[in-house]
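Colleague: My questions will all concern the structure given below.
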Amino acid sequence: MPASAPPRRPRPPPPSLSLLLVLLGLGGRRLRAEPGDGAQTWARFSRPPAPEAAGLFQGTFPDGFLWAVGSAAYQTEGGWQQHGKGASIWDTFTHHPLAPPGDSRNASLPLGAPSPLQPATGDVASDSYNNVFRDTEALRELGVTHYRFSISWARVLPNGSAGVPNREGLRYYRRLLERLRELGVQPVVTLYHWDLPQRLQDAYGGWANRALADHFRDYAELCFRHFGGQVKYWITIDNPYVVAWHGYATGRLAPGIRGSPRLGYLVAHNLLLAHAKVWHLYNTSFRPTQGGQVSIALSSHWINPRRMTDHSIKECQKSLDFVLGWFAKPVFIDGDYPESMKNNLSSILPDFTESEKKFIKGTADFFALCFGPTLSFQLLDPHMKFRQLESPNLRQLLSWIDLEFNHPQIFIVENGWFVSGTTKRDDAKYMYYLKKFIMETLKAIKLDGVDVIGYTAWSLMDGFEWHRGYSIRRGLFYVDFLSQDKMLLPKSSALFYQKLIEKNGFPPLPENQPLEGTFPCDFAWGVVDNYIQVDTTLSQFTDLNVYLWDVHHSKRLIKVDGVVTKKRKSYCVDFAAIQPQIALLQEMHVTHFRFSLDWALILPLGNQSQVNHTILQYYRCMASELVRVNITPVVALWQPMAPNQGLPRLLARQGAWENPYTALAFAEYARLCFQELGHHVKLWITMNEPYTRNMTYSAGHNLLKAHALAWHVYNEKFRHAQNGKISIALQADWIEPACPFSQKDKEVAERVLEFDIGWLAEPIFGSGDYPWVMRDWLNQRNNFLLPYFTEDEKKLIQGTFDFLALSHYTTILVDSEKEDPIKYNDYLEVQEMTDITWLNSPSQVAVVPWGLRKVLNWLKFKYGDLPMYIISNGIDDGLHAEDDQLRVYYMQNYINEALKAHILDGINLCGYFAYSFNDRTAPRFGLYRYAADQFEPKASMKHYRKIIDSNGFPGPETLERFCPEEFTVCTECSFFHTRKSLLAFIAFLFFASIISLSLIFYYSKKGRRSYK
């Protein structure tokens, strides 16, 4: 026999002192909550959470937590005329030739759905009526503890009223319950899930007639008598809001009556009385022997205020009152409707008598909650939002219910999402919504102290989706509706849910734990400024003319004609903008500083016919001043930027990188930079982050040749004298399969990586040619635009690197299923998406630290054990945010993943560069805030400095490493460094000469005085 319903668990206390302080600051949580207390919820969640609390929450659910999956009779059973079943209102509604307003049952029908020439119906649906073993095997595969299903009223009582029941119908449900007992899965049984027998609709007008409550009681008694010994959780009515409002007011759902709002409220009134009758029946006649629990399944949306004002919060409270409170307050509080409804709907809202209030009050043994797209985002009337904003936030709804209805035990009896009807087994969107909702449930339990006892994923299998027909899918198991056997094939969401149940939540994983340790002594700690502040205004007076001041008359300076002073030599200290930047870098304690040159400023015409020597001098001074304070400059020759992609205007007009001549011009420009700056610069980047996603194949072809030419210029003409290193910096965001269980998604991810990174990396770091994945994919689609390299060009390009430099910012999920046309790439046949549980920046860039480690390992696997630099890594924050905790969290975790890659994976990692230096040149990305012509360090700068000073993340067991202080070589000082002994001897002679001369001078004066 199934175990009895678990006893009520002690209410878990809120776990943290900070949460208690929040509650006390809001007036405290009373021992007994009252209607209206839920309004505190918006204030509690008004401030954004700390980054570590906003993202992935690690933890497990309480012991004995109920893991369930659900289905509804009309959606899945089929067999609409089999074995004496009577017609239901949904049979009639779907067979009706005229669909009500807003109906989309035949929209975008998937392959395998009923013909669009016929109305979509549940006549066959998933055919569960003939497949008990198939369905229960799916339950066994999932590993759930509970299965929620509904009984078809018309299948057990074809006429709807008490009388001779349909034995075949009873046998079907007994067989299902027996099979559940064999598997150790407990049933959660819904008596009414929208499918009223048509006979009762015809005879009484459906739920608009109060007499239907007695028929419902009789039907429930039949079910309790036949099945109650095996059922410990009963749901009387599913989603009475939808039944009343959309069945009898809007007519969007069966029975399709387009009545007045008054009729909708009358139906809801009768539904509440019917529910109460059934609860009292069970409580009096069956609970003593069967020991089960009974409730009503209530659906709700969640709503956020447009502004955090008292008025907006009251409107949000009213919105929930009009949907959830409409039914929850009578059942859980006092037997009557919310005050906001009575005040606004006094003329059309029915009244309960005092005896009816007592009869309805307390008729639920737990709070059965439904939360998902059917109500929250599809069937919620706009006027019930009260001009506020919907949000799929389950955690906040759970907290509101906890406060509003006196801390009930909550059983989430329906929750999930949907995917397109054309989506088959890789239902990534559904899977990530499932993950989000379950994680929010865990947060509600662990962080907010809400007593949630169980969770039900909806639904077990694809089926008929009410007003959406077969245009969407909500099942964990895929059903081909055209097949004869109607096999259930597990989707990615099913595999995810099975793993989650097995782990009982999200236990901390070893790979997600921070690593203690330090980087090598010579590790490069840098910061990036792609658009360096170039200000060539000299700090000294540079006018060579001579002026007289007309003191007596005009009070102005008067130029003296024909008189000029001698031109003074310029010095680096003349550039006023350099020293403040150097001082900030010193304050940060970085060892390296990366900046980009502006090709268009240095060579306005694109060639050396016109060279801006002032700009070159500025860059030379910047580099030399960095070296002087022991900061190594890392210089990029070209950075794609507006305007003209960072190219001289003439080259941009001549086709930019589409023109092969640009590659030759770049090589000459590089030669000039090496010649002018190379004595100070020992790390060069030819091109920084050429963005492949908006670049043509011919442009990429020429860009690769330009890089190779520049590399060879340095290698052959300057390396021996300057002893520097040079490479290209590629953007390398990680691409992760959206469905980790899908081989197709893994193939898609690899394809995108090759197009995003391999396109430029493979010719340089690999074979000298483009990736075969890229070439093969394009050839299959008759796209022959990807150029070919000659053998000489391959030799020219291959191996043109001294290190591998990558810029990494985020991770992107890719899926093979087309779910969102806006984000679908038809060219690569890939759907880009994100895990909605991930932490995001204000610009919606996902924070996924482990992606950095993965891309480093992918690059090592592809191109070998090369020295690597993370040449740029950063995130945006709120405008003018001084306490940028998101960036602190980002840097802490990304750098720690870099440490894991170095220590655990053996990646030859040589340096890390944070992006970006300041907000002036990169607004919202800087480690320094810029306001009122002042630079102010943000919290992230101080945190980064701490990491630099510690050389990583040393722990108590980290071996202390002695790192001798190193100094960057000063080129101008090389003469002195190589002649230290000679210079010391000369200094000694000079010092001795000074002493001797001083003594001679002293005694000569003394001698003269003695003769006077």
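The backbone N, Cα and C atoms fix where each Cβ goes, glycine too.
Since we're looking at a predicted model, the values are computed, not measured.
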Colleague: By the record in Swiss-Prot, which of Asn630, Asn694 is the one labelled N-linked glycosylation site?
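Modeller: Annotated as N-linked glycosylation site in Swiss-Prot: Asn694.
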Colleague: Looking at Cβ-Cβ distances, which residues of the chain lie under 8 angstroms from Asn283 (N-linked glycosylation site) while being 6 or more apart from it?
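Modeller: Same-chain residues close to Asn283 (N-linked glycosylation site) (Cβ under 8 Å, separated by 6 or more) are Val294.
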Colleague: Just counting, how many other CB atoms are there within 10 A of the CB of Asn607 (N-linked glycosylation site)?
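Modeller: For Asn607 (N-linked glycosylation site), the 10 Å Cβ neighbour count is 16.
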Colleague: Output, ordered by sequence, the same-chain residues six or more apart from Asn612 (N-linked glycosylation site) with a CB under 8 Å from its CB, or 'none'.
Modeller: Leu601, Ile602, Leu603, Pro604
Colleague: Non-local Cβ contacts of Asn159 (N-linked glycosylation site) (under 8 Å, 6 or more apart, same chain)?
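Modeller: Looking at Cβ-Cβ distances below 8 Å from Asn159 (N-linked glycosylation site), excluding near sequence neighbours, one finds Gly86, Pro197, Arg199.
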Colleague: So, in DSSP terms, is Asn694 (N-linked glycosylation site) helix, strand, or coil?
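Modeller: In three-state terms, Asn694 (N-linked glycosylation site) counts as helix.
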